[in-house]
Amino acid sequence: MNRKVTAIALAAIIWATAAQGFLMFKQGRCLCIGPGMKAVKMAEIEKASVIYPSNGCDKVEVIVTMKAHKRQRCLDPRSKQARLIMQAIEKKNFLRRQNM
């Protein structure tokens, strides 16, 4: 009897853990933790992207991929460099829409 109760309790804990992880995954989350860096060397940036607020994250995130080791870094969206990157991406997207 004791083994049966233990097995049921263990199964319930495993199910609850899996269900909780699934719900967190569906909700999404921010990619950047903390305020982010003020600036990085422009020559070391391979790619930049801006992620606007959504249901999963309520803040603007500026993420740059570095040439060395393909590491990603988060920039503070209020920093001068991040604002310049966001303007450049918006201009590029605007021009792309104009050419369609």
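Each Cβ is built from the backbone N, Cα and C atoms, and glycine gets one as well.
Under the DSSP three-state reduction, Cys57 (disulfide bond) is assigned to coil, being neither helix nor strand. The disulfide bond annotation in Swiss-Prot covers Cys30-Cys57 (among others) and is backed by similarity to another entry.
Secondary structure from DSSP puts Cys74 (disulfide bond) in a beta strand. Annotation source Swiss-Prot lists disulfide bond at Cys32-Cys74 (among others), citing similarity to another entry.
What Swiss-Prot records for 1-21 is signal peptide.
Of all the Cβ atoms in the protein chains shown, 19 others lie within 10 Å of the Cβ of Cys74 (disulfide bond).
In sequence order, Gly56, Cys57, Lys59, Glu61 are the residues near Cys30 (disulfide bond), counting only same-chain partners six or more apart with C-beta under 8 A.
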